[in-house]
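> Copied straight from TrEMBL:
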BINDING   HIS68, HIS70, HIS223, ASN304  Fe(3+) binding site
BINDING   HIS68, HIS70, HIS223, ASN304  Zn(2+) binding site
BINDING   ARG77, TYR135, HIS162, GLN226, THR309  4-imidazolone-5-propanoate binding site
BINDING   TYR135, ASN306, GLY308  N-formimidoyl-L-glutamate binding site
DOMAIN    60-379  domain 'Amidohydrolase-related'
Amino acid sequence: MTSTLIDNIGELTTNDDTVGSGGRLRDAAVVIEGERVVWVGPSKEAPAGDERVDAGGRAVLPGWVDSHTHMVFAGDRTAEFEARMAGEAYAAGGINVTVEATRAASDAELAANLARLVGEARRGGTTTMETKTGYGLTVDDEVRAAKLAGDHVDAVTFLGAHVVPAGEDPDAYLSLVTGPMLSAVAPHVSAVDVFCETGAFDEASTRRVLETARASGLATRVHGNQLGHGPGAQLAVEYGSLSVDHLGFLTPADIEALAGSWNGEGTRGTVATVLPACDLSTRMPLAPARDLLDAGAILAIASNCNPGTSYTSSMGFCVATAVLQMGLTIQEAVLAATLGGAIALGMHEDGWLDPRGITQAAVGRIAPGSRADLQLLEAPSVTHLAYRPGMPLTSAVWRAGLKVL
Ligand SMILES: N=CN[C@@H](CCC(=O)O)C(=O)O
Ligand SMILES: [Zn+2]
């Protein structure tokens with residue numbers, strides 16, 4: 001197996017307290033062998049590798065873990081975006097525009113769009129991605145989306161409960177989603193999501209989706225508290241969901257519930273996932289990421305790449321926004337966009353299964369044994385991600401040990 005030594009790293013973010021201090025190391029080196037990191041430590045103590053990359057004093061950090069995207073789609077919503085920028089409010093119903101275009105697209109068109117979006121994300125330093133179905137909304141179209149997604153990303157989530165398709169009866173559609181559609185899609189996904197919001201699914205419907213998902217042995221996630229105060233965050237905690245995402249409208253009790261979800265013995269809690277690019281693109285309040293962290297919640301930052309509310313996969317942009325406008329330190333934001341995302345996806349420990357059923361090493365950290373997912377910045381420290389917002393600072397990317405940029 002070929003090994004690669006990356007040395008002369010000015011600042012290495014490991015997210016691993018056993019190496020360096022606070023998960024950071026100066027003048028560091030990393031050795032990759034095959035798909036994994038095998039050594040991390042001071043540059044001057046590094047063992048030789050078959051190949052050597054001189055980082056030239058620049059910063060290295062884990063690849064971004066983007067735990068929330070909707071990338072199986074066709075069509076364009078520029079007109080809706082323009083209307084929003086002219087003062088119209090975002091409403092869940094816009095999803096049906098993409099549903100129509102997605103149903104009409106061929107498999108090849110959807111696959112090409114997915115590959116394009118994943119390529120953009122990789123060039124921006126993203127090495128792990130989740131994506132959701134949710135623009136098909138028939139049994140066949142949802143199965144198709146799940147299968148296509150599995151060829152391109154690390155985790156696929158079933159979002160049949162995205163919106164009630166135009167012209168359909170809400171009760172009948174909910175029965176379809178929680179019955180035949182769930183059964184057909186389940187073999188191709190690792191989790192079930194539900195958009196709990198006015199104009200999408202109310203509390204009773206959300207409970208039904210979460211209950212049937214749980215009964216079928218799948219993990220759950222919730223789109224919650226995006227457009228107004230609602231029960232999404234509390235339901236996610238109650239049902240032990242892996243994450244609840246959006247969170248622009250939270251009460252102190254919601255924040256307490258999310259933080260408190262990590263206090264139980266032996267069980268994991270619910271990650272609070274914030275989506276800064278979406279908040280900006282919909283002109284909604286920024287999620288209270290600072291308050292969530294201060295309360296003790298586990299935070300993730302994700303792109304929510306989709307054609308309606310957040311047409312970007314730039315995790316660098318999301319991290320910069322979290323620092324400049326949400327009050328996070330750069331280290332908190334980087335942690336949330338790497339290890340936080342990994343925890344939200346259940347990929348922070350060795351042995352998770354990718355959509356092809358292949359066992360994968362832990363992501364979100366640079367530590368011996370972890371998957372070798374790293375990015376090299378054209379900058380001496382991660383601080384430059386916020387100090388130089390919008391600049392293309394990612395200059396090299398390794399994913400599972402392979403150099404992809
Ligand atoms: N909120 C629900 N779903 C997406 C938006 C999808 C769309 O508008 O097409 C979101 O996460 O923002
Ligand atoms: Zn979403």
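Each residue, glycine too, has its Cβ placed from N, Cα and C.
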> Cβ within 8 Å of the N-formimidoyl-L-glutamate site centroid (TYR135, ASN306, GLY308 excluded): which residues?
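Here the non-site neighbours turn out to be HIS70, PHE73, ARG77, ILE95, THR98, GLY134, PRO307, THR309.
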> Within 10 Å of each Cβ, count the other Cβ atoms and name the one among the binding-site residues GLN226, ASN304, ASN306, THR309 with the highest count.
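The residue with the most neighbouring Cβ atoms within 10 Å is ASN304.
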> Taking the Cα atoms as reference points, how far is HIS223 (Fe(3+) binding site) from HIS162 (4-imidazolone-5-propanoate binding site) in Å?
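Rounded to a whole number, the Cα-Cα distance is 9 Å.
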> Taking a cut-off of under 6 Å between Cβ and any atom of ligand 2, tell me which of the binding-site residues ARG77, TYR135, HIS162, ASN304, GLY308 pass.
ASN304
> Taking each of the binding-site residues HIS68, HIS70, ARG77, HIS162, HIS223 in turn and counting other Cβ atoms within 10 Å of its Cβ, which one has the fewest?
ARG77
> Using all protein chains in view, find how many other C-beta atoms are within 10 Å of the C-beta of TYR135 (4-imidazolone-5-propanoate binding site).
31
> From the Cα of HIS162 (4-imidazolone-5-propanoate binding site) across to the Cα of ASN306 (N-formimidoyl-L-glutamate binding site), what is the distance in angstrom?
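On Cα coordinates alone, these residues lie 13 Å apart.
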> Measuring Cα to Cα, how many Å separate ARG77 (4-imidazolone-5-propanoate binding site) from GLY308 (N-formimidoyl-L-glutamate binding site)?
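Taking the Cα atoms only, ARG77 (4-imidazolone-5-propanoate binding site) lies 6 Å from GLY308 (N-formimidoyl-L-glutamate binding site).
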> Per DSSP, to which secondary structure element type does THR309 (4-imidazolone-5-propanoate binding site) belong, with helix, strand and coil as the options?
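Note: THR309 (4-imidazolone-5-propanoate binding site) is coil by DSSP, not helix or strand.
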> Can you list which of these binding-site residues (HIS68, ARG77, TYR135, HIS223, THR309) have a Cβ closer than 6 Å to ligand 1?
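Once distances to ligand 1 are taken from each Cβ, HIS223, THR309 fall under 6 Å.
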> With a radius of 8 angstroms around the mean position of the C-beta atoms of HIS68, HIS70, HIS223, ASN304, what other residues of the same chain does the Zn(2+) site pick up?
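Sorted by sequence, the hits are THR69, LYS132, ASP193, ASP245, HIS246, LEU275, CYS278, ALA302, ASN306, THR309, SER310.
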> Distance between HIS70 (Fe(3+) binding site) and HIS162 (4-imidazolone-5-propanoate binding site) at the Cα atoms, whole Å?
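Here the two Cα atoms lie 11 Å apart.
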> Would you mind reading off the Cα separation of TYR135 (4-imidazolone-5-propanoate binding site) from HIS68 (Fe(3+) binding site), to the nearest angstrom?
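Cα to Cα, TYR135 (4-imidazolone-5-propanoate binding site) and HIS68 (Fe(3+) binding site) are separated by 15 Å.
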